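Feature annotation from TrEMBL assigns signal peptide to 1-32. Marked as domain 'Laminin G' by TrEMBL: 30-205, 215-408. Annotation source TrEMBL lists repeat 'CSPG' at 325-420, 450-544, 744-834, 856-953, 971-1062, 1086-1176, 1193-1293, 1318-1417, 1451-1543, 1560-1648. If you look up TrEMBL, you'll see 1785-1811, 1823-1852, 1912-1944 marked as region 'Disordered'. The compositional bias 'Polar residues' feature in TrEMBL is assigned to 1794-1811, 1839-1852, 1913-1929. The transmembrane segment annotation in TrEMBL covers 1882-1905.
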Amino acid sequence: MDSVVQNNPKKKKKLWLHGLLWWSLLFELASGASFYGDGFVQLKATESSDHNTLRIRFRTSSTNGLLFLAAGQTDYFLLELHAGRLQLKLDLGSGEQVLHSERGTQLNDLAWHSVEIRHVQHNVTLTVDKNSHTSVKMPGSQQDLNILDGLYVGGSGGLDKLYLPRNLIGFRGCMDEVVFNEHDILSSLRPYTGFKNIYEVSLGCSPQFFATEDDSISFFSSRAYISLPTWNAQHEAVFECVVHTSAKEGIIMYNSAREGDFVAVEIQEGLPVAIIGKGGTKTELRSLMFINDRKWHSIKLHFSSKNLELTVDGEMVKSSISSRSKGFQLKGYLFVGEGGRASLEAKHIKVLLDFKKLGIRQSQIMFRIQEQPIHGQIRLDVDPDQEENTFSMLDLWHGRAMYIHGGSEEPDDFFMFSIYSSSRKEVPDYLKGNKLYRYNITVTPTNDAPELSLPEGNLFVLLENSKKRLTTDVLKATDIDSSYTDLVFSVLGNLNADAGYLELENNPGKAVTSFSYLDLEELRVYYVHTGVRNSRIVLRVSDGEKVSNTVVLRVMAVALEYKIANNTGLAIIQGEAAIIGTKQLSVHTNAVKQIVDIRYDIIEPPQYGELQRLHSTEGVNLSEDDLYFRVLTIPKKGKLLLDTTVLVRDGQKLLTIEDLRYHDADSDFDDGQLMYTRRGIPMGDLVLVNDTTHRLINFQQKDLEEKRVLFIHKGVSTGRFVLFVSDGKHFISSLLDISAHDPFLKVGNNTGLLVQKGHSVIFSTNNFSVVSNLDIRDDQEVIFQLDEAPKYGGLYRNEIKVDSFSQFDLKSGLISYRHDDSKHLADCFNLTVKAKDLRLAASINVKVFLESHQRPPIVQHHNILLVEEGKPVKIDETKLEVTHEDNLPSDIVFTVKVAPFHGFLRRFVKERYVGTKQSPVKTFTQEDINSGNIQYVQVESGKVNDTFILDATNGVTDVNDIRMSVDIIPRLIPLQVSNITLNEGASKSLTQDMLKVTNRHFSGINFLYSLTELPQHGHIEHSRHPGVPITSFTRRQVEHEFIYYVHDSSETLDDNFTVVVNDTGLRKQSAAQTVYIQVTAVNDEPPVITANRVLRVWVSSVTEIRPEDLRVHDMDSPPEELHFMVTPPSNGHLALKSAPMKAVLNFTQAHIDQGQLLFVHKGAMSGGFNFQVNDGVNFTPRQIFSITARALVLSLEKNRPLMVFPGSSTPITNEDLQVVTNDVTNTTNRIITFNVIRHPKLGRLVMRQPDNSTVDISTFTQDMVDRKEVLFVQTPIESVGWEAMDSITFSVTSPPTSLDGQTFKIDISYENTGPEHNTVLLANTGAEVTEGESVVIDESKLDATNLMSKLPTPQRSLHEVWFQVTSLPQHGVIVVGERNLTKEKPNFSQFIINKYGITYKHDNSETTHDSFVFSAWINPKGKTAQQPQDDSDVVEERFNITITPVNDQPPLLKTKSPSLRVVQGDTVALRPDNLKVEDLDNPPDDIKFSVISKPNNGYLALEGSLNESIAAFSQAQINKGSVYFVHDGSSASGVFYFSVTDGHHKPIYKLFNLEVTEITITLVNYTGLTLQQGQTSVSLTQDNLAAESNGKNITIHYQVTKPPNFGKLLKDNQEVTQFEQEDLQSGRLCYHMISLSSAEDSFEFTAFTSEANLTGQVFNITVRPLIQVGKGLRIPNGIVVKLNTSFLNAFELANISNSDPVFEIISHPKYGKVVRAKPKMSRKSVAESFTFQEVMQEKVALELNANMTGVQELNDSLVFLLKTDNTQPAKAEFHFTIVPYDPALVPTTKRPDPTTSSAPQTPVQTSRNGTASPVLSTAFFSTQQPSKSQHKFKGRNRWGNSNRTSIFSTTLGKPTHVTDDFPFRNTPVRVESYPQKTSNPLLVILPLLALLLLVIIFVVLVVFLRHHRQRKQSTAASKEPASTGQSHQGETHRSTTVPTVTVTPINHACPGSPVFDRLMTLNQGSAYNTIDSNMLISSWSNGSPASSSQIIQTTTPTLQKNQYWV
């Protein structure tokens, strides 16, 4: 025991020492900054000085590294670690000086070292650890260090200056303090744009610098590596590591050795492989353990000069090393990690020499590596006899030199080499190895995918319906090779629409699915919660090329919970204002790292003041204490401190223990001995009070107590510096914040005074104090002057009344206030505080209390509150009353100490209640209670009582813990129910224990129970009325047990009913309660046989009886309790599977259900057994179970000879051998077994096993045959000859039957060829040859000696095999000996092949296949080789030759201009049309494209990975359409620069253009719409309007932006302003004109998709005139041509409108005008409008007067508006051709030939240019000679215009027959000419005579017609006379005997087109035919009067199709 006691102090000291070490380590790790070799801090400073100071504190294990650089244009200040020593390089403009630290002291020992460098003019001093000093003097006259490019710490930041070494190494380790000329560079690691850059530097000292061998190392990319010193492994070595990776490829370890040897451990296809190159040979050892499964695996490599062992996870593989060399000397660095590699090839180093001239070979050109690469090594796999570090040109060609990259981030590397010749011949100097060459290596960086993690876990908690920032603490993205500014987060899938969304701060309310890392870092990303509480966000991050892993962030929204944290109230001076801050009023919520804005609703304003919100500080005087700051995000690498030392700007202040004080808990330690050590102070300095030039680095706490420490401010206004506090053993760090301001003096606190009447009270700093930033070193300097003394008392110091005192008096408690015992109970006095030059006025309030006020108030009443659930109750003085003898009720104030748990208090103020559950009333007075203004409100349901605790005070003394109890009357009657258990079919009474109400407030009340849900398997009844279900009953009936539940005896095990309690008097009811009933089953149901079918079995078989064969069911018994009792079966026995041969007569249904019951057949074919089933109580009737048996038959269905090629292995298949049974169902998976009785003689039977090995067999199954597992192996081959037969004898069994004595034949022959043997010869393998080279064909490739086996053995030596080539190769020749085989000499023998071989020589063409056809036969020796006549003795086959191409043809770019057209934002595949390169030597797979510069408007990707950019692809991938261009959506076109190569030839470089097409909408149909005049509706279809888009969204929408003016757009008879393309396709749209005032209409529309729109489109609707306009009309110039219906025919329009159409001229013809002739005047007037009746009456004419000099014809037109009364107007145009007028074409008269037709013929006019016109111009008269009748009427117009009195007047005439080839466009018209002005008097007389003649003719005609009418009425209708066979052909002509008629057909099929259909033919038997309405001329048959009368007197003919009366 004593020893234990003695050892305790040592243990304590040891623990204390360990604790000290741990604390020191933690402090060291937490302080400073970590640099990792590539990081730096840059401060952009520009300054010049001859006094410079640098202080640095660092620790590292690296021997080299840059510590600090002050960079100028030529001046510099460079401090480095060099070989473990400090090296300072300094140049002030006069030359560089180098200063080193002392020798023998290595500073890379991981200990902290402090460095101070002072430069004063020419002197430079270097001090290390305060005790090592070196110095140097600068040369020249320059003294100033000119800094222009800033200050750098840890690295140069890529600065490119001549004075910086090329291989500058960055610092790796920790730095704690870097101060240069008062620039504390590491005081903050926060970057400032334009001022301070931070790269790869972290706060604190990273533990990785002190890692041990037990710590794991992460390689973050494929370029990461560790370089270790040379591995000493000459004879034997071991390398061990533990690996955790997912990489399929990589290097784990590599080390080179001498003489080109090396050792490496690699990962290949996920497997570890050990490789040793030794003595020119390479040994590989591959483990079969995959290690890329993201698990830890141990790897051990052990090798010696003879053996190589690789052990992975305890499993070892081993191999021997065969080499002549003994030693194995490793050299260089040992690389551990992952890196790339590349072979050096001949294309990389080319030597241009004339080898023939020099007399040397290429293999004698040697390369010697003079200097290895810096960031990797050259691995040589060369001849071990070669000199070390050398390789030949031959080695270069064969890829034996390989560069292994170490994995560093350096973008380039190089090695130095020389060239020499190994030849002994004299060579030039440049081949003697004297010259050095540099080989540059470019390292292509590999873009690793970024990694995404959730540092704070995958749960993101926020308040419901709020938004919360996403920070880098929530989402952490790391990418070692990409800038964070390139990272973009993407949300995958759709966020829950009813959960929330992400938004950016600058665009609130708009959901986003992606955001940048910068958005996240700058706190601009919010998650906005809107709905369900639980959801999730799936995110990943991309660097533009690769995407990270996917993370799922679970979002959980919680309801807001809060409580009052501070509610202190305010003490305020009368008439003044005070700020209500969080110290006075604050709320604590359950928000997790979420800023929540708390809204305060004022429900009761203050009575004696008002609350104001400070909207602006303009015009408001605020002190700094009135400004509050909310910290939105806490610092990541520091902490916020509130205690700040405040002083005057550029002033000084004494530091005292009030500013800085620490305590040491050790009892034996004096706090005054605590030692403070300060670090760099950026805003001033600490000095001694009495000597300000003495800077304090260390001081004690007693110096603070004795006021000897002074802080002097200089520089920035705010800042902090580090102080270390130590007791000599322990230390702690502290930050002292400094804040400098303008001088101020303000009130610290002012609580006022509370004094008893007539007594005094101490007035101290607890009541009133001031604060100031002045340098006040003595409290006597602060004076308080009494401006206004107290009215009812006075201020005293030591019983002496004073009017002024000092702060020392106030702090010492020497000042007191004494009341004068007057009746006044309130007082005040005013003070002025003076400190130096500042003044401050203040007022102090005094409150006076009486002696009686010290007695506590008395609780008069304190009773229970009774309240109904969910309702309020008033608290009056009967429930709560507290009084005091000297206080009014309003002076008694209650404070809620403990709030109610299930309710809250509220107060009635000004007609409304103030107080809620969230913000209840906390204080009230007795006056409030007496007035009935205080209520308790019950809110939480289901509670029966509540309490709250109050404190009461009169302002002086208190009464505490007044407990108020609340009794709550439930809102619902508290009904409790119990469950019931009863037997099946029984009943049970409902008692008070089952249905009860326990609350005392409801005792004695006769409730009514009502059933809301009735029982399903029973009912509730009254015992006095059994069998009658009831649905309600009373409480008293339950108490008397009158109410029963009765079960209905069904086979159910449970039931339930739901009941509620009602009381109408109380107006209350209960919640619905469910009574659950458990029914105990009663076995009263007998078993029922549900299956009993005949069991069919095989003879002598064992068969399972299944439930579908035999089944019994019992509603209340399980299968285990259903027992079968059977009689012994007559044809076998029953058994269980456990004992098949043991007969049973009892079993259960469970045995059958579980497949345990068997029937074993024996005996008769038919039989069975009787059985009966019982459940223990009930029995089934006895039944019979029948069993029938039948015999199993085996049939040999297929037994075909097996065709075998000699010496081969041939499977026996079910096509060769198959045995089947008559068991068709095969439910038992029957096995058929073959037993071999006699084995084959010429081979053996084997079975192929899963590993493809074989084993001899004598039995096999049909299943094995079906699976082709049984093989016949023919051996030996010599026993066969050319052909032979073999056989197998076997038997077949399938219990219970068998098949014996079967034979299976085997046909063995060389003629049994097939897929595996495509030749009958021993060998015809074909040959492979390199393009342009030769190959020898020997007996291994072509051997026909097996043909000899056709001969008997004795004759074989007398014969030999000969070949004849019957078809020579196409791309080469066959050489036999010295000659080529030709058609003339095509033979060779097998002897020649065996001894010499024949040679195939390729012709060097670009072919891959060739062949020749040959015949082979047996020829007697010594005789001329000649094919036998019998073809069966000759074998003819083809010998195939495969040519291996030589890559001697470069690839050719077939695409002239490689380009791709892509729609904006689309993804398009590159096709061969876009990019195609062909290579005759290489397949498309070997044509590789490399993207040199990537597209600037998207990226290339492969199918299946469209989100990953690629930089390489092949032509084969293009041909397959697997290469895609993914456009980024920008509008600009782009390019990418690529190279293509076959890997051998020089690459082709080309630009590929990417033409971007904007997403557009194009109108493919835009014809407008025509509406037939007279109609009001027309369909609008896709033929009129259709659009298409080149974007992804092809659904076109149309929006009508301006509706039609005169109509509506209708869809399904509803007006619409928006429609789809589908509506146009389905024809659901139409236009309906509602205003008939316009000839046209239009509407404007916009076509749009989700991607594009087409705006401002106008769709026109035009009214199509209902008129027939003459076409192809040729009108003579210079005469007036009357218009008639052959020109313009509006007859149909006149019919449908029942009005005369009007033609309003819009524009006259260009070469004339429309005129109207006036009857009595020769002049004509220009017509601006005319009617259709005037056209029919030929009152309107065209007057044309064109200058046609040298012109054959002119085109002209008339534009007019066609209008009627009842239809809409329509615009029309009449087009015609103007031709010169030719009077010579006026018709002459001649009697016609009586044998010819009287119809006018169509003459052919030859135009001036010699071409024939098919018809006469319609402006000319017919040249046909008229008949005699025409002679008689010559010169007379018999008809004139007598028939033109009405637009409906017609003239009857017989129509002429018109042939089908009559061209419609050349229809002639009748032309009448008005007389021209002339001086001939006959021109006046003749018309008068003509008029007289017309009158006479008219009279005669009237008489004639009247006479004809009478004859027609008296004559019966007769048929038309037979046709005379004459017909009118050609155009009708102008004749005085032929009247003009107008014919308008009524065509129902096309009412809008009044034209005749030429459908009538002569064989219709009618003399009438159709005529085109434009012809309008009716001709007489022969022109004679007789004929005329005959026509007129003809009876009315029957109208034919399309014939009408005119």
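Cβ coordinates come from backbone N, Cα and C, glycine included.
Annotation: stretch 1318-1417 has the most Cβ pairs under 8 Å to the repeat 'CSPG' (1451-1543), among 856-953, 971-1062, 1086-1176, 1318-1417. Against the repeat 'CSPG' (1193-1293), stretch 1318-1417 shows more Cβ pairs under 8 Å than any other of 450-544, 971-1062, 1086-1176, 1318-1417, 1560-1648. Across the repeat 'CSPG' (1451-1543), DSSP classifies residues as 8 helix, 40 strand, 45 coil. In terms of DSSP secondary structure, the repeat 'CSPG' (971-1062) contains 8 helix, 43 strand, 41 coil. Summed and averaged per residue, pLDDT over the repeat 'CSPG' (450-544) gives 85. Note: the repeat 'CSPG' (1086-1176) comprises 8 helix, 43 strand, 40 coil (DSSP; helix = H, G, I, strand = E, B). Under DSSP, the residues of the repeat 'CSPG' (856-953) split into helix, strand and coil as follows: 8 helix, 51 strand, 39 coil.
In the repeat 'CSPG' (1560-1648), helix, strand and coil residues by DSSP number 6 helix, 49 strand, 34 coil.
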